[in-house]
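These come from Swiss-Prot:
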- H12, L14, G39, E60, D83, N101: S-adenosyl-L-methionine binding site (BINDING)
Amino acid sequence: MRHTPRKRFGQHFLVDTSVIAEIIHIIHPVPGDRMIEIGPGLGALTKPLLNVLDELQVIEIDRDIVDYLSRTYPGKLVIHNIDALKFDFSELGEGLRIIGNLPYNISTPLLFHLSRFSSLITDMYFMLQLEVVERMVALPSTPDYGRLSIMLQNRFEMEQMLVVPAESFDPPPRVQSAIVCMRPKAEPTIPLKHERLFAELVSAAFSQRRKTLRNTLRHYLTADDFERLEIDSGLRAENLSLAQYAAIVRQVYEDRQ
């Protein structure tokens, strides 16, 4: 099929066969897997996955690609013609394995959308902009550590698996890409009942990265609170571990009761 990649959908089609083979090896699909592919494009991963799987669910917003996939892979392919940001993944049950070459223009909101369904997910493998993957897996006190790191690390264990050069795509993106593996934790570090407060505190802490916690969290914690938590209020948001954010969330939650 000749298909002109659509800029508004952020389409960059994976065409490097050696990279495709390596990704399939990393994912390691087996018969019986409940696999969902987001943004299958022209089927670079779809075809080798269907060689193994009994059924593959795909989510694709581009109507032309949906028509092509329907004609090319009848039978074992179940196609959802919808924006992945609007898809209710709970409709597909549990034990989900989700993969995809995610459009870079919606990757961050899509990751947060998928986080809502973490209890139903076994693992996820995504092709993303390398810079985004580096932020996802970043450690405290490093330049890439920020809101994305903390919010996702609360729910997932994550690992950067493979760097993919721009020339592996058609058209080549202006950035390097990478595969990231995401596995949900048995229990989030910060309980889901506190997630709204957690997000509020993290946003406040990172609202002015150059300022100290004494300033950014002044509406949430007193000097005595910082001392009780054994957290230096002269630190900045990027210096705190997830465990320290969990302690802050507990303190603020208790203060509000």
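Glycine is treated like the rest: Cβ placed from N, Cα and C.
Shown on the structure are the features that Swiss-Prot records.
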| residue | record | Cβ neighbours (10 Å) |
| --- | --- | --- |
| H12 | S-adenosyl-L-methionine binding site | 23 |
| L14 | S-adenosyl-L-methionine binding site | 19 |
| G39 | S-adenosyl-L-methionine binding site | 26 |
| E60 | S-adenosyl-L-methionine binding site | 23 |
| D83 | S-adenosyl-L-methionine binding site | 13 |
| N101 | S-adenosyl-L-methionine binding site | 25 |
E60 (S-adenosyl-L-methionine binding site) in three-state DSSP notation: coil
Secondary structure at G39 (S-adenosyl-L-methionine binding site), reduced by DSSP to three states: coil
Cα-Cα distance, maximum over H12, L14, G39, E60, D83, N101, record's S-adenosyl-L-methionine binders, Å: 20
